[in-house]
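Colleague: Following this message is one structure expressed as structure tokens.
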Amino acid sequence: MCSPLPLLILRLLLLTHPSLGRHLRHRESRKIHSVVVSTWNYTDANLQAWSVLKQGPRRTRQAVIQGCLACQNLRCGRLLGGSYGPDERGNLSLEAAIMDGRNQKFGAVAGMEGIRNAILVAEAVLQHTHHSLLVGKGATDFARVMGYKEEHAVNLNTKNVIGNWTFARCQPNFWRDVVPPPRTQCGPYSPLPQYLLQRPMRQEYPITQGEHDQLAFLALDSEGLIHVASYSSGARFRLRGRVGDSAVPGAGIYADNEVGGAIASGDGDVLMHHLPAFLAVEAMRAGQSPAKAAAKVIQRVLKHNTEFNGAVIAVNRWGTYAAACAGMDEFHFVVSGGKGFLRMARVERVKCQDRKDVVDGGPKGFFTRKPMKNRKIE
């Protein structure tokens, strides 16, 4: 027979602390709102992911995979899955990743040439290996073992893109501290002598609405299960062998069922410096709202990279979501589901933070220092 002592203690606590009872009732009654969130304004792909999620519980993995496949087939952002995003040598490659919020298991591929369905290969890494990331030829070999056929994707479009880029003196590119000067001339390049190295300056990778090389999806179901996924054709004119944020856990995607998840998009090399998706989830773990977590992450990135272009979307375990961004007037993302919404695949917009409100001088000194009386103390 159970002792009545624990029940008596609980009753005493409820009598002396009424707020505890309200808190417990709130926790018991709080509902998880299923939601699919994706970066940028591609509604069809988000709707396809939602159509999978609403079929029933435990469909989050297939939902985010379907979203990535839809964008690949629909050529979301023109660069994705097509022939318009080559590296500087004219090669086409893909990267993709998926993470399970139950245990943070992660599968990814990067720099994978000749294979079209990168997100399915990333899922195969998760399911059929003890590894987290396969790159380059090794990723292609693994895809063949998994039954995926190689395709020669380079075509006339790719050759035209490279031809126009070369005619424009290989601008933009991702070289620095080399000769000849990479901002005015094409390579081949060689390192500058040490005594000629200049103060580090970075030509920020531009982001234009409708011209994206990366997309990310988050799916949360009514049981609180979360999966996140990302898919990218890589920054145009990148160096061959470059790995982007899509394939790095915590940079483009991160999820923990106990807290929530986050997805990010923007300059991948900067995102890999700071792991904003991971930081957003940890901020929510510390008690911050999705809106506060996303804003704080963007502020942190800006303080170290004053010209950063990008965004992060944070979603807590209940389905509340928010986004923050920098480097654009506003950031668009698509949401299906969530609390109190009937219309699916709705495009939501968030006004981006003004750099000058965040950066006080900055490591590169792009902005005039604010007067001391106006400085915000955190």
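Any Cβ shown, glycine's included, is placed from N, Cα and C.
The signal peptide feature in Swiss-Prot is assigned to 1-21. Per Swiss-Prot, disulfide bond is recorded for CYS71-CYS76, CYS170-CYS186, CYS325-CYS352, and the stated evidence type is similarity to another entry.
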Colleague: Counting distance between Cα atoms, which of the disulfide-bonded residues CYS71, CYS76, CYS325, CYS352 is nearest CYS186 (disulfide bond)?
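Modeller: Nearest by Cα distance to CYS186 (disulfide bond): CYS76.
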Colleague: Relative to the Cα of CYS352 (disulfide bond), which of the disulfide-bonded residues CYS71, CYS76, CYS170 has the closest Cα?
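Modeller: Closest candidate to CYS352 (disulfide bond), judged by Cα separation, is CYS76.
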Colleague: State the Cα to Cα distance, in Å, between CYS170 (disulfide bond) and CYS71 (disulfide bond), rounded to an integer.
Modeller: 28
Colleague: Count the Cβ atoms, other than its own, that fall within 10 Å of the Cβ of CYS76 (disulfide bond), considering every protein chain shown.
Modeller: 27
Colleague: In Å, rounded, how far does the Cα of CYS325 (disulfide bond) sit from the Cα of CYS76 (disulfide bond)?
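Modeller: Checking the Cα atoms of CYS325 (disulfide bond) and CYS76 (disulfide bond) gives a distance of 20 Å.
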Colleague: Report the member of CYS71, CYS186 (the disulfide-bonded residues) whose C-beta atom has the most other C-beta atoms within 10 angstroms.
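Modeller: Comparing the disulfide-bonded residues CYS71, CYS186, the most crowded Cβ belongs to CYS71.
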Colleague: If you draw a 10 Å sphere on the Cβ of CYS352 (disulfide bond), how many other Cβ atoms land inside?
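Modeller: Result for CYS352 (disulfide bond): 19 other Cβ atoms within 10 Å.
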Colleague: Based on DSSP, name the secondary structure state of CYS325 (disulfide bond): helix, strand or coil.
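Modeller: SS state of CYS325 (disulfide bond) = strand.
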Colleague: Note down the number of other Cβ atoms within 10 Å of the Cβ of CYS170 (disulfide bond), including every protein chain shown.
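Modeller: Its Cβ shell of radius 10 Å holds 19 other Cβ atoms.
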Colleague: Where does CYS352 (disulfide bond) sit by DSSP, helix, strand or coil?
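Modeller: Assignment for CYS352 (disulfide bond) reads coil.
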